[in-house]
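A.B. asks: Shown below is the structure under consideration.
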Amino acid sequence: MDTTFRKYEIVQNAVSLIGLTFALILDFDIRWNMKIHWTVILLSASVCFVLLFLIDYNKKNILTYIVVIGMFSSGGLLFSLLKGNIIKHIESCYQWFNHYSNTGKNYQITYSFVTIIAGIIFVSFCYYLISKKRILRYITVSGIFLWLIYCAFIGINVNKGSISCLFVLIFQTIIELCNVFYNKKKLEYHNRLIFYLLPICILTGIIAVMLPSKKQPIQWIIIKRFVSTVADKWEDVSFNVGVFTGKYSDDFQVNFTGFSDKDKKLGGKINSNKKVMLKVYSNEETYGSTYLIGGIRDEYTSSGWNRSKIDYDTEQEPTVDFYQLLHGLYQYKIMPIGNEVLFHKVKLTLNYDNIKTKNLFYPLKAYQMQFDKDIRYDSSSPTLIADHVLRKGFSYDVNYFEINYESDTIKNYLRKISGVNSKDTNNLLNGSSIQNFRQSQCIDYLKRLLNMAFFDLQYVNKDFYQLIDNREKNIKKYYTKLPNTIPNRVYDLARDITKEYDNNYDKLRAIEQYLSSFDYTLAPSKTKKGEDFVDYFLFKQKKGYCTYFATAMAVLARCIDIPTRYVEGILIDDQLESDQYYLAKSSTSHAWVEAYFEGVGWIPFEPTKSMQSDRYCAWKVKQKESSAGGNIAVPVPTPPAMLTNMSQENHDINVRLAKERAKQVKYMVRYSSMIIGILVLLCVLIVICLSYNRNKRYRNASKEEKIKYMIRDILDYLSVEGFEKTADETLMDYIKRVGEQYDFDTVSFSDVGFIYMKMRYASMEIDEMEMNKIYTYHNLLKEHMKGKVGLSRRMKYQFSTMFRN
């Protein structure tokens, strides 16, 4: 291969690989808030290219592999001696990255640096292999170009530095394609074209970065509308076909809950993943776990659950359930005792991400749902299903009240209400009670209890009693049904567990307590064919996951005539912080039970042992008087001792921040010095390896080849001095032009020239004396160069002979 062309090819590969690696890793660094300076990323990418090139160029030399293995082994040994087990550190780094969020929480600069370096090595290595095949390189660059267009179209921000480097890579590829096209057309092919145009590409990229730009990108409104409409229609058709063929379900089902996609049978192993289904935003800090209802089922079939078509005779079933709770609270005049907080108003914003479903999620006791755009959905049942597929980008707000289920007031209220028979409950819902419910006295009571300045009871009209009465009849009819195939021992077990209690609330908690002795596992064995799912779980298997526990509790409660329903949805087992997003992943899918209390509505229960501590936790709140009267639930404040001497505390904070900044600077200097040291070491290794290869080739060469090597060196030496041989100049003319300026006492340049012409053109044998003359002149000229020529010119010579074959 031509040496000059080889140089241009190396420069081209260096620019493309370093530019691509720098662009992708810089964008990753900014997007994930890794806080690694761009100069470190650029230096690291350059080091990685040099190392890859060095290994590839000397891949036939065993010394290369010895040096590389030795470097890594020495580095690993040194790290182990200084820091300990390197494998544990790698595992710690992986665990950190797996839990690190781009908010900067739990930031570790060491792990961040290691992650960036690992990314640089991975990207550089992959692209270096890809660049070996021209077609793969073209496909990669085309994919990058399409990705940039996609990001601009959907509004993903990519930093200017990365865009600049990627456009340089794209321009470079276009120039290369043009060269290939002209070569195929038998036109003049300029090997140096890419070398001269590269600075223009880089300068264009820098100018593009420096130019001011609008904060908002091009909106592409018309195109987006068209694409969105087509995509929505296609998504709806595809989803409906999937429902028809059994690939999808038109009701919310996540694999984590134990339903298969075909037969809807419970049980078996599950495969959890970490895809984000919803992004949940809360305007208030929540005080307990958040259960988002996705799908509700009422019919147990001995092997699974189905959803019956129940006529509730209501337009807003979840809202009716909320107002029924309010009515029950008012009839019993429930109020907090002492500093108790019973209810907490919360507004959630739910953003759909990696999920496709027709279901709307909502928490129990939700009283209002607000949508950004018009949406039609069936609200006559507790499972809210839209008329089209909901996908990424869909969002809505839902307002609800958290209930402090661990407060003594609520627990005693549920015990009391579950002891009221059907006749007494109907008395609570007679016409006069409804009329009293709408009076101002009741409204004032609810304002104080729920801490609301305004409360609207227009939904409660004269038909409210009849609506609730019909609703309770349907619930008792459908939510206590059980198949005849359930063995009698399941009924006996339910009665035995609850025999000591005289109210439904304590009976349900007793069932929870009984199931808590069972083991939790994600890989239970399948229920044997012909066996009832609950019976097999309770008496033989005695281990499972949330689906097993929820199904068992729902069935056991129905065995003693307590209406229950099986619920699937999403469990956020952390307290939501104010003004922050929570990522609800697929692994947060959960199943639980809700039981019906006459005059109150549905109340949730948690039979899965591992989740009970989050469901039944005491609220850590304090009381504060509001302008509307009543109590406001607010977070527990910092103890008074920690609020003293605020100026000293602020000073300490500033000192800590200064120390953290100094620590980051220290790390940056250390890692930069390390990278520079590696660069220097690599340069030294390059010189050593190239010198070794060159000397080896010379030793193994024939006499004629050795003479050619030395003559080429001599011409290179003289070219550095300003005597470069032109293409149209004969060797005799060149000897005359150089003259006696570089003659020595024992040998002259003309002697060397004549010996070489004798060998090349006359094909005459060169004797040992003539060979020694050339060798002597070569060494004398080399020593002369060392004494006369400066370091920079000698380095230029070394670079010119670096890739000589």
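Using N, Cα and C of the backbone, Cβ positions are placed for all residues, glycine too.
Those TrEMBL annotations? Automatic predictions, nothing curated.
Below are the features listed in TrEMBL for this protein:
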DOMAIN    538-609  domain 'Transglutaminase-like'
TRANSMEM  12-30  transmembrane segment
TRANSMEM  36-55  transmembrane segment
TRANSMEM  62-82  transmembrane segment
TRANSMEM  109-130  transmembrane segment
TRANSMEM  135-155  transmembrane segment
TRANSMEM  161-181  transmembrane segment
TRANSMEM  193-211  transmembrane segment
TRANSMEM  671-693  transmembrane segment
A.B. asks: Of the listed stretches 12-30, 36-55, 62-82, 161-181, which one has the most C-beta pairs under 8 A with the transmembrane segment (135-155)?
C.D. replies: 161-181
A.B. asks: Other than its close neighbours in sequence, what residues sit by the transmembrane segment (12-30), given a CB gap under 8 Å and a spacing of at least six beyond its ends?
C.D. replies: 36, 38, 41-42, 45-46, 48-49, 52-53, 116, 119-120, 123-124, 127-128, 131, 137, 144, 158-159, 161-166, 168-169, 172-173, 176, 194-195, 198, 202
A.B. asks: Quick one: mean pLDDT on the domain 'Transglutaminase-like' (538-609)?
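C.D. replies: Over the domain 'Transglutaminase-like' (538-609), the predicted model scores a mean pLDDT of 90.
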A.B. asks: Quick one: DSSP breakdown of the domain 'Transglutaminase-like' (538-609) into helix, strand and coil?
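C.D. replies: Per DSSP, the residues of the domain 'Transglutaminase-like' (538-609) fall into 22 helix, 31 strand, 19 coil.
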